[in-house]
Amino acid sequence: MRTKYCGNIRIIDLHKSVILCGWVHKIRNFSQFIFIDMRDWTGIVQLVFEKKNNKVFTKAVNLKNESCIQVIGIVKKRNANNNNLDTGEIEILVNKIKVFNISKNLPLDYSNNSNDDIRLKYRYLDLRRSELLENLKIRNKITHLIRIFMENKNFLDIETPFLTKSTPEGARDYLVPSRNYPGNFYALPQSPQLFKQILMISGIDKYYQIVKCFRDEDLRSDRQPEFTQIDIEASFVSSTKIRNLVETLIKKIWLKVINYNLNKFPKISFYDSMKRYGSDKPDLRNPMEIVDISDIVIEEKVASFFQINLKKKNRIALLCFGQGNKISQKKIDEYSNYVKKFGAKKLFYIKINKIENRFQDIQSSIKNILDKNTLENILRKTNAKNGNILFLLADEEKIVNKSLGMLRIKLGNDFIFFKKNTWKPVWIVDFPMFKQNSDGKFSSNHHPFTALKKNNQNKLEKNPNLAISDSYDLVINGYEIGGGSVRIHDAKIQKKVFNIIGIEKQFQREKFGFLIEALKYGPPPHAGIALGLDRIVMLLTNTNNIRDVIAFPKTTSANCLMTDSPSKLKKSILNELGINILKK
């Protein structure tokens, strides 16, 4: 049907006859000549229709953008090159044309980003954009690289079930009713976590899978209800071994896809990350760090001014921003209101005009409560310079960390004082085993199958809130790319963890009985990780929305506008499944 792809024709093909298939991208009618940019998935080539060839010229006149055609023609040299096209040195003089289908008038405009809902409804048209097509090609390249890498490391690609048991894993499950067992439901997996652990118990030494996962949760620009995970698990390995494997894989992907050499990934503990960056997902391109000055500004002396409750675990800390000369009082007020969203009472500042003059040339909302010695110590600890501004908070530790962490991100976005096209991966390790809710109850920080860090066994018994897990997240430029851990491989410890997070024994048997039973038959030590493929592709294609790297994504309300799903079912089908819909 064709002898060449549109984007592959070059000057070396001059005077050759070619057969091309594709879509009408753009039409320009000059009375005696019609020029058409023809497109397929490799690129664009210019077609020329001469009026003296009346048969093909007449057909060309009636064409519309996005009509699907086949042409036969001779490769000619252009009078003037088009340097914007790979095929810009040549054009095709058409002598035959076959019209497969004329397109309707388009509901979207390719020249600009049309309404998102329109783009998703007509996704088959949206996917004809070169940008989206290129994203899917890059996605394909990444998955190909992953498979080759994992095969070379002797990992087995093993599929795990999509119809499985509903287990509490944090988010809500998507449920599938069983026709054969009325009133019973399968769940679509949020991850293959339990199955991959069972595979390790089964003696499968190394497993991986590029797999769809499902979570019925509120969406945002980097989340979808169905997403793709690079799932990895191995027996008789440490957390270091898994991190080294993944680091090698990520470095290979970045090198092969965008020709970028990543440096060795630093490792930061969860507690250090929260203290230094106010986040467990720090963007290390931003050089600012939170500086603790609790040792300089005595809490008891300033408690009244800062409205600190001395009975709580407090922190006094600040950010040193280098472009203070760009920060107006209006901007300071804006940032003060911004941090209130995260529980902060008031944002204080110290603006340094001439550091040589110390106290005289400093503007500050707390100048009256700082003596010269305290101020000197603050300037010394922050290494502040002329033109810097210090943003200071004093409050509960969690509030200070969160508020200054978010302010750090906002300052980075507002002033972009770091290189955008650089990459800063980091491992965040040693997360707390549990989170304690406001009612005092515990929940798992990662998931309840995460193993304790060495020498934390006693804490599990006596102080669960102090227990540290052998866990790790990979963060790149502020995005969490993946998370993993060493797994519990002792049935007794697994039961203890379930007890701590409030899963009753009966519920343990119902939901996790198969795992606990399997853990009684000589399970090996094992560890693993899950990486978000969609987020990796999103980063490498420099897109802001995960929808742009998925062929058929959902909206932020989990709708597919193209197929109009989810949709209602006939009463007869619901009756067969034993389902009665209650009206809200």
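Backbone N, Cα and C atoms are what each Cβ position is placed from, and that goes for glycine too.
Non-local contacts of R215 (L-aspartate binding site) by the CB criterion (under 8 A, 6+ apart in sequence, same chain) comprise A171, R172, Y174, Q190, P225, F227. For E169, R215, H446, R487, the entry in Swiss-Prot reads L-aspartate binding site.
Sequence annotations record features per position, and here Swiss-Prot assigns region 'Aspartate' to 193-196. Residues 160-161, 164, 167, 169, 207, 209, 231, 233, 447, 449, 512, 514-515, 528, 530 of the same chain sit 6 or more residues outside the region 'Aspartate' (193-196) yet have a Cβ under 8 Å from a Cβ within it.
Residue environment of L533 (ATP binding site) contains 24 other Cβ atoms, counted within 10 Å of its Cβ in all protein chains. Taken from Swiss-Prot, the feature ATP binding site covers R215, D216, E217, Q224, E480, G532, L533, D534, R535, and the record attributes it to sequence analysis.
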Between the Cα atoms of L533 (ATP binding site) and R487 (L-aspartate binding site), what distance do you get, rounded to the nearest Å?
22
For E480 (ATP binding site), what is the secondary structure by DSSP, using just helix, strand and coil?
strand
Cβ packing number for E217 (ATP binding site), 10 Å threshold:
14
How long is the line from the C-alpha of R487 (L-aspartate binding site) to the C-alpha of E480 (ATP binding site), rounded to the nearest angstrom?
20
Could you count the residues of the region 'Aspartate' (193-196) that DSSP puts in helix, in strand and in coil?
4 helix, 0 strand, 0 coil
